[in-house]
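Feature annotations, reproduced from TrEMBL:
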- N82, Y85, E86, C140, S175, R226, S237, A238, K239: Mo-molybdopterin binding site (BINDING)
- 102-255: domain 'Oxidoreductase molybdopterin-binding' (DOMAIN)
Amino acid sequence: MLIGKAPEFKSSDITPREKFLNRRNLIFGGLAAAGVAYEWHKKMPPLYTPSVEASSKLATVPGTFPPVSDPVTPQGKATSYNNFYEFGTDKADPKANAGKMHVRPWTIKIEGLCNNPKTVDIDALLKFKPLEDRTYRFRCVEAWSMIVPWVGYPLAELIKFADPKPQAKFVEFTSLADRSQMELPGGFDWPYKEGLRIDEAMNPLALLTFGSYGQTLENQQGAPVRVIVPWKYGFKSAKSIVKIRFTDKQPTTTWNDMASNEYGFYSNVNPGHSHPRWSQAHERRIDASVFPKTIATLPFNGYANEVASLYNGMDLNRYF
Ligand SMILES: Nc1nc2c(c(=O)[nH]1)N[C@H]1C(S)=C(S)[C@@H](COP(=O)(O)O)O[C@H]1N2
Ligand SMILES: [Mo]
């Protein structure tokens, strides 16, 4: 299978960091001025290097979305304290280990109950719609939070392109699982899977995300493409996606499958509904320089105006 599989890793594929950065700056200077920087992949040979070296600027257009007044979490913090269990269960593991992952070439398979099933190349996907800067609150189920300027376009655009059939009610996301590039620790049923109801996925806040802080995602953040669903606990935001499938049944998802009493399918941020082992009423900001360090958690992570109507008539204690 071709999906998400990169060619064999050869040491000759590695571009020395200095050389690469210089070349990038050269190409970039001209392109950025012309406003076509997001097409940079076209101009460059494929590079199979760790993301720290491959991370590049992404040109964005102004978008409209609810502003966040809290200070943005420093980039170094948001990219060194991560959950990406494929690379290990410690918060420092993803940064230490995800450099091994090849993010080019990369394809995303669109399948299931849709009229336009297709395998799409990541660079085509990246250029499909203008990229926006979207600064979002992000709240992990483990009660920490950060504020990150993500770069992407609404997931709704990809769903419209896929053109789901009327029977399709859910969309399932599958992450890469490749033992040659990842640890894939035991005790999990890899690949990592997540899912949303289609109307949730179509909400303008749900972002198909290619970057953060104006640059392509670091591997540990889920390069080359992930989902960001800011009103839900972090685990709903699947990383390094290789497949999107439309289905009429609620898909099984990694954490819900592991412990359905602890991690619901919906997992909307809800300060009133405790996790069986801890309260969800507060969150610790991973940015140590902000005060206070612990703040009250908001319903739907502060996005109630935008998303609460999706759940009208639902008992959110039952469908947590
Ligand atoms: N494929 C995959 N996606 C994943 C995870 C993971 O382990 N594997 N962890 C989730 C969890 S629990 C959180 S909190 C966020 C973390 O995103 P961040 O590292 O960019 O903060 O990614 C989510 N997406
Ligand atoms: Mo999380």
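Keep in mind that glycine also has a Cβ here, set from the backbone N, Cα and C atoms.
Shown on the structure are the features that TrEMBL records.
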residue : record                        : Cβ within 10 Å
N82     : Mo-molybdopterin binding site : 24
E86     : Mo-molybdopterin binding site : 26
S175    : Mo-molybdopterin binding site : 23
S237    : Mo-molybdopterin binding site : 23
K239    : Mo-molybdopterin binding site : 28
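The Mo-molybdopterin site in the record is lined by N82, Y85, E86, C140, S175, R226, S237, A238, K239, and its two most distant CA atoms lie 18 Å apart. In three-state terms derived from DSSP, N82 (Mo-molybdopterin binding site) belongs to neither a helical nor a strand segment and is classed as coil. Summed and averaged per residue, pLDDT over the domain 'Oxidoreductase molybdopterin-binding' (102-255) gives 98.
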